[in-house]
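J.: This is the structure, below, for whatever I ask next.
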Amino acid sequence: MAKRVAEKELTDRNWDEEDEVEEMGTFSVASEEVMKNRAVKKAKRRNVGFESDSGGAFKGFKGLVVPSGGGGFSGFGGSGGKPLEGLTNGNSTDNATPFSNVKTAAEPKAAFGSFAVNGPTTLVDKKISSPKCNNSNQPPSSGPASSTACPGNAYHKQLAGLNCSVRDWIVKHVNTNPLCDLTPIFKDYERYLATIEKQLENGGGSSSESQTDRATAGMEPPSLFGSTKLQQESPFSFHGNKAEDTSEKVEFTAEKKSDAAQGATSASFSFGKKIESSALGSLSSGSLTGFSFSAGSSSLFGKDAAQSKAASSLFSAKASESPAGGGSSECRDGEEEENDEPPKVVVTEVKEEDAFYSKKCKLFYKKDNEFKEKGVGTLHLKPTATQKTQLLVRADTNLGNILLNVLIAPNMPCTRTGKNNVLIVCVPNPPLDEKQPTLPATMLIRVKTSEDADELHKILLEKKDA
């Protein structure tokens, strides 16, 4: 809507006059008949529902949706699975939650919002839907050696520890840099998960805990897990590269804790600790391995400039020691400081060797009853072979463009005007108008002082009469 225009003009004659008082109008409510004929627009949402309903790149991503089931899994990219039922630890036949004995997974706080960081649902349906121990129907024995560890229970501990470690790592780095790319994390997560599944298939349910492990579980362990047996070290590094001696090992490690009620141990994974080859060894003898992350060279979330060999690591948290780009330049010794002053333009004046008179001037030409500037240059008076005088004005440039080049004719008007001006009428060369090159024009020559103007006027009169 355009602004209101002033109703009367304010001048020096009516500035002291009072303005007429305007009455303020009031709004009136329109009747129902008028409102029926009016089109009332209402705001509507363009995208109704969640983004995954309408498709897109994250169509299958259900991580931000609260699981509808009472318990179970909701993985990194799938929907909620079925709750685990029928899991026992060998001493009781009651149904238990999948990770009741893991403290780190008791109250899961998701890195993506409100979903539990656990394994994918396909793993639940295939592998651990309802595993049971071989001796679940036998009465429990009082001896510590009679109770056997279920392979599914050990698998659950590894899976829970892996999930919790990935969750903590993601929370830490997402809080630091929310724009980081998490795609490679899930690819490596699948590799570790496949390794755990392979161990579950190869290990079977025949592994048992010895009395030595039972005795060391309650006291302060000499190693990280409290296991007195040396396991063969077989760390898994990302992209299949072996751990380098020069690089620091950032490993998933597990701390063993005693569980009096279940008679089993719970494992929690952590980053940044160097462990021995007996990592995860107390859960099952010889079938479990440690998960190591090489802090080698190229990394998604940082890079180690001191590492020379290219062992890739996607979870390397070591900050880069060298800048990523070369945007900033360092001052070196011996460099010349830049001068803020602009470079001076050096003009080489074109000299006329045979000129007997030269003077700086500014040339104007008359057009439409006003003088317009032609340029600044040097006026030269030169003798010719026909005993006439040539008036030449060259511009003060390196090229020395010719502004005016005429002969002083006997009938050429030449007058002294103004303070320091000399007025002549001639046919300009080069012409001012290419369509009418022979049309005479009035040229005004302005010099620095009045004495210079008098001298120039005197010389022009002498040469004109000669």
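Cβ from N, Cα, C; glycine included.
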J.: Look through K187, K448, K458 and state which residue has the annotation N6-acetyllysine in Swiss-Prot.
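T.: The residue tagged N6-acetyllysine by Swiss-Prot is K448.
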J.: Look up K126, K132, K372, K435 in Swiss-Prot and give me whichever carries the note N6-acetyllysine.
T.: K126
J.: For the feature N6-acetyllysine in Swiss-Prot, which residue out of K8, K42, K249, K273 does the record point to?
T.: K8
J.: Who are the chain neighbours of the region 'Disordered' (1-22) in space, where the CB to CB distance is under 8 Å and they lie at least 6 residues beyond its ends?
T.: none
J.: Within the region 'Disordered' (1-22), count helix residues (DSSP H, G, I), strand residues (E, B) and coil residues, in that order.
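T.: Per-class counts: 0 helix, 0 strand, 22 coil.
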